[in-house]
Structure formats: C-alpha cells, structure tokens
Amino acid sequence: MLQQRWFQYALLSAVSAAAVGIFGKLGLRHVDPTLATAVRSVIMAVLLVTVCFTTGLTSRLGELDGRALLMIALSGIAGAASWLFYFRALQAGELSQVAPVDKLSVPLGILLAVLVLGERPSGINWLGIGLALVGVYLASMPSKA
C-alpha cells in the first residue's frame, strides 16, 4: 500500500491544482495578477507554517544543510515565477487553454529528471510523454463555439 501512496498524493495534488485554476480565474477578474499571487503566497505560508508548528516539524529546521536550503530556495523562486506567469496567463486567456499549456511542466519535468537526475524512463514512458505533448496541443487549441 505504501508503494501507491505517491499516487494518492499526486492525485490529490492534481485535484488541488485544478481548484487553483478555477478559484484563480474567478479571483482575477479585477485584480492585478502579481498582487493576487502575493496574497495567495501569504495565505499558503501561514497555512504551511501552522502545519509545521502543530506537527512539530519546526524542531527539525536545524537538520537542513546549506545545499538543501539552496535547492529549496531555488525551488521557491521557480515556484513564484510559475505562479506569476500562470496568473498572468489566466487573466489574459481562457482557463481551458491556459491549464493544458501549464501542464507542459510534466514532460519538461521528466526531461529535466533525465538530464539532471539521471532518471531513465522506459519506452512506454516516452510514448506517454509524446501523447501528453499531443494532448497539450489539442487541448490548448481555441474552441470554435
């Protein structure tokens, strides 16, 4: 069962990310995307710090070494950039087109895992990546309604 725990978390992440798109699009009607991203970030920080305090994780801060802190900081910078661009895209475009293009992060993430982490996807995995790229293209095309 533990082997499939990653899938449960990934599925919950996908559902949560879908909600981000809906709530973000609805909230951006008359708000600057950068301001909206900042407000969202503060809410997230308060929630996450609260979880860390209530679960006792703050006592483990000393376990983080310099390299881990650097990678976490770079991840935070990349995440902030992603949110800023995502919210700008949501304000300017349709969620039904923005969301699939945003999911190019999946094949890009796999490619980076190969190049940086040395991961080796199988042939069927590469086929899935190719299909995902086709799916992004098809799903992001303008609808003719």
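Think of each number as a place in line: the chain as shown, counted from 1.
Just so you know, glycine gets a Cβ as well, placed from its N, Cα and C.
Listed in TrEMBL:
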- 6-140: domain 'EamA' (DOMAIN)
- 6-26: transmembrane segment (TRANSMEM)
- 38-56: transmembrane segment (TRANSMEM)
- 68-86: transmembrane segment (TRANSMEM)
- 98-117: transmembrane segment (TRANSMEM)
- 123-140: transmembrane segment (TRANSMEM)
Please report, as numbers and ranges, the same-chain residues at least 6 past the borders of the transmembrane segment (68-86) whose CB is under 8 Å from any CB of it.
24, 33-34, 37, 40-41, 98, 102, 105
On the 0 to 100 scale, where does the mean pLDDT of the domain 'EamA' (6-140) fall?
93
Using a Cβ cut-off of under 8 Å, list the residues of the same chain at least 6 residues beyond the transmembrane segment (98-117) that approach it.
18, 21, 82, 86, 89-90, 125, 129, 132-133, 135-136, 139-140
Taking helix as H, G and I and strand as E and B in DSSP, count the residues of the domain 'EamA' (6-140) in helix, strand and coil.
118 helix, 0 strand, 17 coil
Give residue numbers and ranges for long-range contacts of the transmembrane segment (38-56): same chain, 6 or more residues beyond its ends, CB-CB under 8 A.
24, 80, 83
